[in-house]
Each structure stands twice: as C-alpha cells, then as structure tokens.
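Feature annotation from TrEMBL assigns active site, charge relay system to LYS121, SER196. Positions annotated as active site, acyl-ester intermediate by TrEMBL: SER220. Annotated domain 'Amidase' per TrEMBL: 64-518, in sequence order.
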Amino acid sequence: MPPPLQAHRLLISHRRLPTPARRRFTAVSSLQSAPATTLAPGPATSSILSIRESLLSGERTAADITSEYLSRLRRTEPSVRSFIHVADAAAEREAEELDRRIASGEKDAVGPLAGVLVGVKDNLCTKNMPSTGGSRILDGYRPAYDATAVRRLREAGAIVVGKTNLDEFGMGSTTEGSAFQVTTNPWDDSRVPGGSSGGSASAVSARQCVVSLGSDTGGSVRQPASFCGVVGLKPTYGRVSRFGLMAYASSLDVVGCFGSSVFDTATILSVVAGHDKMDSTSSSQDVPDYTSKLVSLDLLESKPLNGLRIGIIQETLGEGVDTGVVSSIKGAASHLEQLGSVVDEVSLPSFSLGLPAYYILASSEASSNLSRYDGIRYGRQVSANDLNEIYGESRASGLGHEVKMRILMGTYALSAGYYDAYYKRAQQVRTLVKESFKNALEKYDILISPAAPSAAYKIGEKINDPLAMYAGDIMTVNVNLAGLPALVVPCGFVEGGPVGLPVGLQMIGSPFSEGSLLRVGHIFEQTLQNFSFVPPLLAER
C-alpha cells in the first residue's frame with residue numbers, strides 16, 4: 001500500500017476537535033547558544049531599492065548590474081546548480097535596452113523592478129524560453145505565452161535571468177527529484193536546498209539573482225527558504241494568479257516568492273498579486289502596496305510590536321523536531337516578546353492530521369492534472385504502433401519515479417471502492433484543519449512555528465525513505481489545506497556545515513493578511529542581532 005495511505009486510520013476515527021487550548025509561553029533564549037558565524041552581522045537591506053536608487057542617480061547602469069549578477073552566477077553555478085536554463089544573452093540585451101530608455105529620458109523607463117534580475121521556477125511558463133517542470137516529458141517545450149505572474153514582473157521592468165531547478169512537477173522536498181540535475185545548498189554543498197522550489201531559494205541565497213518566483217503546494221517555498229536562509233512568502237490562496245503555473249494540486253497550488261530581505265519579497269508580491277481574468281480562482285480583493293508599512297530601523301519605536309498577540313503552535317515544538325530548531329524558534333519568540341508582543345503557546349489538535357490528509361488530496365488532484373502529459377499535446381513522444389502504446393510508453397519514459405508513485409496513489413484514493421475511505425475523509429479533515437486555524441486566529445494576530453523540523457540534511461539522506469521525506473512537510477501542509485498566507489524569515493542557526501545551517505521562523509496569518517505578516521517580519525528582521533544570512537559560498541569570494 002502506498003506510504004501516505006498507511007496513515008488512513010488517523011482519518012477514519014477522527015472526532016470533532018475542541019477549540020484550540022492555550023498556555024503562557026515561557027521564553028527560553030537561544031540566540032547566544034547558536035553557533036557563531038564568521039560573517040559580519042547587520043539588518044538585511046533591500047537589493048531592489050539599492051538597484052533602483054543607483055539607476056535613478058546614474059551611479060550605475062543596468063548593464064553593469066546585470067553583468068555583476070551574471071558573473072556571480074557563472075562562478076557559483078557549477079557547484080550550486082540552481083538553474084536549468086540561463087538566459088544570459090537575453091538578460092544583457094534587456095539591460096542595454098533599459099539603459100537606452102533611461103538615457104533618452106523616458107519617464108516610465110524605471111519601473112518598480114527596473115534592472116532587477118529574477119529567477120523563475122521552471123513550472124511557470126515563460127514565453128519562448130524552456131519550461132519543463134523539471135520533467136523529461138516536457139524537455140524542449142517552449143510556451144507561446146508568459147504565466148501571469150511572470151508577465152507582471154516583466155511589465156514592472158524585471159529581467160528574467162533564467163529558469164530554476166525543481167523536483168519534477170513540484171513533487172518533492174529536496175530538489176533531488178529533478179529529471180535534470182541536483183541543486184545544492186549554498187551554505188553547504190553536501191546538503192539539499194529543500195524543495196520543491198530549491199532552485200529558486202538557492203539562487204537567491206547565492207545572490208545569482210535578486211529575487212525569484214516559486215510555487216507552494218505543501219511548503220515548497222517555505223521549507224527551502226528555511227534551509228537556504230532567505231525570506232519566502234506563500235500568499236493566501238487566490239492572491240496571485242495561477243495562470244501559466246503547471247498544475248500539481250489545483251486547490252493547493254500557490255505562486256510564491258523569495259528574496260534576501262522582507263522588503264524585496266513585499267515588493268514582488270505588490271507586483272504579481274491581483275485578480276486575473278485568466279484564473280477564476282484569483283481574488284478580486286484590492287492589492288495594497290505591501291511596502292508602504294515597512295518602517296526602517298532608525299524610525300522604529302522601542303516596542304514596535306506592542307499589543308501584538310502571537311500564538312506559538314505547541315505541536316510544532318515536540319517529538320520529531322530537532323532540539324536546535326526548537327531552541328532557535330524559542331529564541332525568536334523571546335525576541336518578539338522583547339519587541340512588545342505577547343506570546344502564548346496554543347494547541348491545534350488537528351495539526352497531526354494534516355499531513356496524511358494533504359498527501360491523499362494532493363496525489364488525487366495530481367493523478368487528474370498530470371493526465372494531460374500523454375505524448376500527444378506536449379513534449380516527448382515515443383514512437384509506437386497504436387495510440388494506447390504511445391500514451392503508455394511516452395509517460396513511462398518521460399515521468400520520474402516519484403511522479404508515477406503519486407499518480408498511482410491518487411488514482412487508488414479516487415477509485416470507486418476507496419473514495420469514501422480516503423478522499424472524502426481527507427476532505428473532512430481539511431475542514432477540521434480550517435476550523436482549527438480559524439479559531440486560533442480569532443484569538444491571535446499571527447501564529448508562529450518552525451518552517452521545517454530540521455535544518456538542511458545531506459543529499460541522498462532521505463531519497464530512499466519517502467515516509468521520512470513526507471514527514472518533513474508536517475510544519476507547512478496545514479497552511480495550504482487552510483489556504484492561509486505564511487511568511488518565513490531566517491531566525492538563527494544550528495550546528496552543521498562550515499559556519500552553521502540557517503533556521504527559518506514561519507509566521508501564519510488570516511486570509512489576505514500578507515501586509516501584517518510582512519510588517520512583523522520586517523521588524524523582526526531589522527532588529528535581529530548577531531546574525532548575517534550570507535552563505536560562506538559568497539564570503540569566500
């Protein structure tokens with residue numbers, strides 16, 4: 001029986017869960033006990049603002065900035081392998097065109113993302129650029145259009161530098177599931193960057209691009225952000241259009257973003273968010289300027305989070321979570337208290353049920369969505385004697401092991417004899433998860449937890465143990481089931497690698513509360529002392 005379905009007993013015997021319980025959080029600072037980094041500490045700065053100011057002042061040209069990032073990409077890519085495709089020539093042409101427009105005095109030349117190099121996860125369509133989803137079955141596929149999120153970035157002046165690596169069709173947690181290459185973690189090249197958006201996270205961490213786009217179905221933005229020491233944002237379901245995103249699980253998929261600072265991440269969200277007539281699930285709710293409430297460090301009050309109510313999810317700090325991660329999260333909670341917030345422990349009784357429910361629902365939707373890759377309409381086609389043979393052979397040779405396994409699991413869960421026992425029951429658990437979060441967020445402004453139960457682990461360590469890999473998603477999948485926004489910011493280090501391995505703090509909010517999460521994350525980031533989240537890969541050069 002496929003591994004996630006072994007947990008079906010959790011789904012069969014559930015009862016209606018009580019209102020979340022809470023108790024006072026006792027701060028245990030870990031900021032002093034974390035391993036010291038040799039890099040200079042200081043608050044994260046906005047690369048986007050720096051680029052914009054240098055272009056407007058004439059201090060630098062877009063061509064110079066692009067050349068700097070491409071040079072760094074070429075130096076680091078042989079070891080990091082973040083990109084499946086690099087559009088260096090196109091990026092240089094676009095930068096030169098931007099310089100020409102600025103020199104000619106065109107007023108609209110310097111858009112909000114002018115000269116900003118963006119990496120795009122390879123499951124987002126890019127016009128006339130390879131878009132493979134990390135799968136051999138789409139090898140050579142070049143869409144005739146941009147995904148809405150990509151189009152909006154281009155319209156704001158961004159330069160797409162290339163397509164980043166991922167687990168095939170977003171199915172994985174390490175980026176080892178790519179059909180093309182294994183991406184490494186810039187903090188330690190023997191470790192995974194997380195997944196499935198590992199290429200996008202690694203590219204930002206190694207400063208191969210300024211910001212990047214990813215997708216998050218069950219944590220695929222937040223877990224890599226934690227592993228790579230960058231900021232990662234999963235917006236509310238429907239906040240960003242999914243048009244042009246290769247579907248994995250349509251009721252869970254969200255386009256997210258990475259940056260080296262909260263300000264940069266907020267800037268990207270301000271550009272890509274909003275209703276899209278090409279996506280009926282996109283929200284028509286107004287999009288604010290998410291950067292407008294991000295106050296610089298020198299203007300902050302002594303207690304900038306005074307009155308903020310924060311709940312630390314009790315179930316995320318127990319058995320199965322590394323002690324170093326727990327220590328870092330408690331240290332982050334202590335820091336939030338010092339900024340004026342009130343932190344309590346809160347229990348979400350449905351939390352442990354989310355993981356088996358997620359894998360049943362996601363696999364079920366994937367079994368339907370991936371039926372389109374049949375060797376006829378897209379990508380690879382194997383020569384055969386009849387149509388059924390074309391379908392079978394094209395999919396057999398074009399799809400990887402993990403994708404095939406999830407298709408089989410989903411087909412099994414949707415089959416006539418098992419639909420009620422698996423899929424229907426998983427949907428019922430999803431409702432319980434939503435109610436549990438709703439009740440908790442009526443009492444607290446935000447909830448916090450680790451983004452992953454451990455820091456980045458070794459490449460190959462869990463590749464043959466799918467249950468252990470699936471368990472790594474326990475911190476993130478519930479947020480997708482509930483459709484909520486979540487922000488991950490680096491908060492500390494644990495032992496490992498040359499200078500330690502980063503740990504991310506996950507902040508969860510009510511629907512469409514991205515502005516509040518970004519404000520809290522920005523204050524946290526600006527006031528965190530004694531840490532610098534620049535990987536040794538860069539410090540050595």
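Every residue gets a Cβ built from N, Cα and C, even glycine.
Neighbour density at the Cβ, taken as the number of other Cβ atoms within 10 Å, is lowest among the active-site residues SER196, SER220 for SER196. Neighbour density for LYS121 (active site, charge relay system): within 10 A of its CB lie 33 other CB atoms from the protein chains shown. In the predicted model, the domain 'Amidase' (64-518) has a mean pLDDT of 96. On the backbone, the CA of SER196 (active site, charge relay system) and the CA of the residue listed as 'active site, acyl-ester intermediate' stand 5 Å apart. Across the structure, SER220 (active site, acyl-ester intermediate) and LYS121 (active site, charge relay system) place their CA atoms 11 angstrom apart.
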